Amino acid sequence: MKPVNIGLLGLGTVGGGAAAVLRDNAEEISRRLGREIRISAMCDLSEEKARQICPSAAFVKDPFELVARKDVDVVVELFGGTGIAKEAVLKAIENGKHIVTANKKLLAEYGNEIFPLAEKQNVIVQFEAAVAGGIPIIKALREGLAANRIKSIAGIINGTSNFILSEMREKGSAFADVLKEAQALGYAEADPTFDIEGNDAGHKITIMSALAFGTPMNFSACYLEGISKLDSRDIKYAEELGYRIKLLGVTRKTGKGIELRVHPTLIPESRLLANVDGVMNAVRVNADMVGETLYYGAGAGALPTASAVVADIIDIARLVEADTAHRVPHLAFQPAQVQAQTILPMDEITSSYYLRVQAKDEPGTLGQIAALLAQENVSIEALIQKGVIDQTTAEIVILTHSTVEKHIKSAIAAIEALDCVEKPITMIRMESLHD
């Protein structure tokens, strides 16, 4: 059989990794696929780098030239971002080229434009590497769990944030200090905003939510809250209470709509997700027939991500032989069945909450706080005074039972208005993961 010819757009960490996987595992791939995968053309800012990676491939400076080449069957987009990457992908699809991409931002923000065009052009778009690197969660959601109604997904899907939180817990260090360490180790970018403020995880949970529930991409409705304001005291107190704080991406189908959110979360330390540390990723899926499944592995890095990229190329080489009616739908459901659904505003979600209050250490303070929580129908699971800070101020930690978020916010506003409360209240959501 004739080889599958690919064109690489971008030869950075993942692009170089993909070339290495194709070179080092060429025999294994051919045994599985029955034919060779060949890099026929490459596009990058550095021609020297391209020549080093694959001397036999054509080098082109213009990405639009690459996506028009007759000797390219599959365009592998590894530029990242939504500028030239978006335009090149759309032009490649118009030219009838199949697509492999690791670009979660592109899909979460422009998937509603890309996938319909691909269907119109009978083109396959594969994107396993866009979510959780080498973990095959996209294939699980699109194929392995196809017999199930998915109830919820919760994932640790940003290695930078997970490394920072793990180090803060283990060393008791402040956020700013651990961020510097992460940057020195290469785990965080010079500008870490995309990772630490939840954008990266938001793109990933948006994609998984669309696959789980048969909706268009809804990134603009995804709630994002990062870890930059977390205090090491909260991580310490959470651990003392039997919890660990993780940046969690959550999507859940309820009777009122779909929850779609990213934020720091207290997870019981007995749960497997709570014990995912360092730069590792994990995704928990709860479905009606199979129950709870967990997917764990490297969520980033050259070879883990490249492994997913090459697996997608192999899938395309197999699927392209099938007529379009027998291909796996891009968003797991048949295109006509992909339907918009309500994304719940945060005020309407239901959760338990961790509160840390700094208040005057005087009689009646706890009673006033408890009364205001009760006034909003917020039930207290635990209330602990952690000690006196400066002889006059006490630090109080409260865990609530499950309640609607607008009620806890109203209670917090009322408590903050008390004369005895000295500082803004810290609120962190909790997930039992027992749904």
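Residue 1 is the first one shown; counting continues down the chain.
Using the three backbone atoms N, Cα and C, a Cβ is placed for every residue, glycine included.
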So Swiss-Prot lists THR13, VAL14, LYS104 for NADPH; which of GLY301, GLY364, GLY367, GLY387 goes with them?
GLY301
Neighbouring C-beta atoms (10 Å sphere around the C-beta of THR13 (NADPH binding site)):
15
At a 10 Å cut-off from the C-beta of GLU189 (NADP(+) binding site), count the other C-beta atoms across all protein chains.
13
Whole-number Å only: compute the distance from the Cα of GLU189 (NADP(+) binding site) to the Cα of VAL14 (NADPH binding site).
16
Compute the centroid of the Cβ atoms of THR13, VAL14, LYS104, GLY301, then list the same-chain residues not in that set whose Cβ lies within 8 Å of it, in sequence order, for the NADPH site.
GLY17, LEU78, ALA102, ALA129, GLY133, ALA300, ALA302, THR305, ALA306
Could you state the whole-number distance in Å separating the C-alpha atoms of LYS104 (NADPH binding site) and LYS204 (active site, proton donor)?
6
Among GLY186, ASP200, LYS204, which are recorded as recorded positions, the nearest neighbour of GLY301 (NADPH binding site) by Cα:
GLY186
Could you check which of the recorded positions (THR13, VAL14, ASP200, LYS204) sits closest to GLY186 (NADP(+) binding site), going Cα to Cα?
THR13
